[in-house]
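S.K.: As annotated in TrEMBL:
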COMPBIAS  1-10  compositional bias 'Polar residues'
COMPBIAS  12-29  compositional bias 'Gly residues'
COMPBIAS  67-84  compositional bias 'Basic and acidic residues'
DOMAIN    115-683  domain 'Major facilitator superfamily (MFS) profile'
REGION    1-92  region 'Disordered'
TRANSMEM  113-137  transmembrane segment
TRANSMEM  152-169  transmembrane segment
TRANSMEM  181-200  transmembrane segment
TRANSMEM  206-227  transmembrane segment
TRANSMEM  239-262  transmembrane segment
TRANSMEM  282-301  transmembrane segment
TRANSMEM  391-412  transmembrane segment
TRANSMEM  542-564  transmembrane segment
TRANSMEM  571-590  transmembrane segment
TRANSMEM  596-618  transmembrane segment
TRANSMEM  630-653  transmembrane segment
TRANSMEM  659-677  transmembrane segment
Amino acid sequence: MADHYQNNVYHQGGGDSYGTYGEGGGPDGYGYQADYPPQEEDAASDVTEGHDDEDQMYEGEYQGIPHPDEVKAAQRAAREKSREGGSAASELEELSEQYEDIMQDCGHGKFQWMLFMVLGLALMADGVECYVVAFALPSAEKDLCLSNAEKGMLGLVVFLSMMVGAFLWGGLADKTGRRRCLILALGINCIFAFLSSFAGSYGFFLFFRLLSGIGIGGTVPIVYSYFSEFLQMDKRGEHLSWLCMFWMFGGIYASFTAWGVIPRYGWGFSMGTELQFHSWRVFVIIAALPAVTSLVGLTFMPESPRFLLEHAKHDEAWMILKQVHDTNWRAKGKPEKVFTVTHIKAPKMAEDELIEIQSGTGTPVQRWAVRSLTLCKLVLRNMASLLSAELRFATLFMATIWFCMAFSYYGLSVWFPDMIKHLQYEEYETKVKTFHRERVVDVRFDFPLKNQIHKEGEYKRDTFIGIEMKSVRFEDSLFDNCTFEDIRSTNTVFENCTILSTVFYNTDLWEEKFIDCRMENTTFEHNKHGCHLDSVEENDVLIYLVSFLGSLAVLPGNIISALFVEKIGRVKIIGGSMLISAGCSFFLFLSFSQSAIIALQCMFCAVSAAAWNGIEVVTVELYPTSKRATAFGVLNALCKLAAILGSSIFASFVGITKAIPILLSFAALVCGGLVALKLPDTRQKILQ
């Protein structure tokens, strides 16, 4: 065990597995000084000079409204009376109540807001990660020569890696510390996100994004567990809900920067002869800035004192709690207010001692191996305990809610933009122009050819020069003594054509664009190389716009849930929001235009945000400190699995039928909402 200060006194007897920190105190091992220590006459700060606290009167006193401090004192007295009355509360519950009393004395102020910003940026980085690959792909696929299968794998690896990261870092955070794991996770994300911007091949880009995702996958389970342990009970639901807004900011930041940085493929600079540093690579670097900023901020933040107390690190916990107390009260203009906690009861962890004992001998490699193996066993044992008798039903209920919500939310998030693209394609197809048996001789084509079908035509001594050919199809046609020069094509093919004495110079018309064609005396000179010129995406801006609007629509849901989560309750927020979301998804049967789909997407995202906020708050409150991050990690990993299934299933029905995605989404949300209504109300529950 770590060394302790000399004023620490540890007592063990009568089977008590707890140590007492500090001197003096009451029967439950926790106490406050009866009076503030004597101070010099001029010890008060200038801020409070001239004010007599006894002369100030609480304005609500005239209306018979009790002072907030009186309410807190009454709640504390009730808890102390319950303990003294011989209630069956366990020692761990006593620690939880004691810690809640301390956090109320520390107050909510400057320290929590600083931590709020730092952890919010980490959560924002998680939101950005979900969009980076999707926004970079339209340009990256041309730069890295990606096939459709490779593009699908890149989209899949984002959620797979985040699933692994949530599972891994959530378990480690309960055993090695919230702050330490979050720093490591963000560090891995920053390093490999930066390296991915320089990847010159598909393999390296996939590998770097995989490791980047594993890093960022740990942010959600750690951030909520970490922040909740600095909040008092009556502030917890509201401020955790405000924290959720940063995930929305991540989506807005990603879509806004992509919109500005990748407006059209092409600009950039060369790094040697092999690597062209195009705009999408710049976007990948900019997208990592929230993670970098959060990482820097975390170096100034302390570890969770609740975690430290669970692991018997009493001195560190006491110093951090004093730091929180002094920071808040100085900012409120009361620097003379003294941190009066003298001792805290906390468990002594035999598991940690086991690691130290086993690691005390052998070579450094052997010690590392033993420590790592022991840590893995402890993490796996902690995960298995989520299905113990006292947590089994909570875990199964929350797993059902997380899965149903993620399956529907992420599935429809993919379905909305894909459906809009499909409607655009159908509209484009209705405007196709068909030319039948046309005969064109000695004509110079120097204007774009778009959305055309040419059947059984004859083209003799014609010149096609410096033009774009988009969605053009030549069928059963003859080209005799023609010239194609400086051609850029998209979705253009020649099928069953005869091509005689024709020259193709500096074009991207390759062999695969000529289907069952007969060629004689035809030459291809200085063909354009590189797949980046094979297609031009004109609708990329739509991807950014739809994502931007979807992220922005989350704002009303976040605000409403934050304001009413304490008044209405978490359970009603979750159940009601999921059932309303089910109704929104059902209205998709009436969506026959792009504007209708975008409007319903915004409505769905707004209502879903309230459900997500409630789910995350309840997840924090249902599990004890020793299992909180582990449970959050497992449930968040399940969420990513549901996201993979939902996005894959929903996308496969685009252009075929919208009934199945809508019914699947509706059924999942109704199921999750009804299960959520069975959850216990955790508004007045002290964090265990």
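Placement of Cβ uses the backbone N, Cα and C atoms for every residue, glycine included.
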S.K.: Is the transmembrane segment (596-618) in contact with the transmembrane segment (282-301), using at least 3 Cβ pairs under 8 Å (sequence separation of 6 or more) as the test?
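M.R.: No; fewer than 3 Cβ pairs under 8 Å.
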S.K.: Looking only at residues six or more beyond either end of the transmembrane segment (542-564), which have a C-beta under 8 A from one in the stretch?
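M.R.: For the transmembrane segment (542-564), the far contacts come to 127, 131, 134-135, 138, 238, 241-242, 244-245, 247-248, 250-252, 254-256, 258-259, 413, 416-417, 420-421, 424, 573, 577, 598, 601-603, 605-610, 613-614.
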S.K.: Which whole-number mean pLDDT does the model give the domain 'Major facilitator superfamily (MFS) profile' (115-683)?
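M.R.: That region's mean pLDDT is 85.
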S.K.: With the transmembrane segment (113-137) as the reference, which stretch in 152-169, 206-227, 391-412 has the largest tally of C-beta pairs below 8 Å?
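M.R.: Comparing 152-169, 206-227, 391-412 against the transmembrane segment (113-137), the winner is 206-227.
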S.K.: Which residues of the chain, 6 or more past the ends of the transmembrane segment (596-618), have a CB below 8 A from one of its CBs?
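M.R.: Contacts of the transmembrane segment (596-618) (Cβ under 8 Å, skipping residues fewer than 6 from its ends): 224, 236-237, 240-241, 244, 248, 398, 401-402, 405, 409, 412, 416, 419-420, 423, 546, 549-558, 560-562, 565, 570-571, 573-574, 577-578, 580-581, 584-585, 587-588, 590, 676, 679, 682.
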S.K.: Can at least 3 Cβ pairs under 8 A be found between the transmembrane segment (152-169) and the transmembrane segment (571-590), with each pair 6 or more apart in sequence?
M.R.: no
S.K.: Under 8 angstroms for C-beta pairs, at least 3 of them, ignoring pairs fewer than 6 apart in sequence. Is the transmembrane segment (630-653) in contact with the transmembrane segment (239-262) by that rule?
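M.R.: When sequence-distant Cβ pairs are counted, the transmembrane segment (239-262) does not touch the transmembrane segment (630-653), since fewer than 3 lie under 8 Å.
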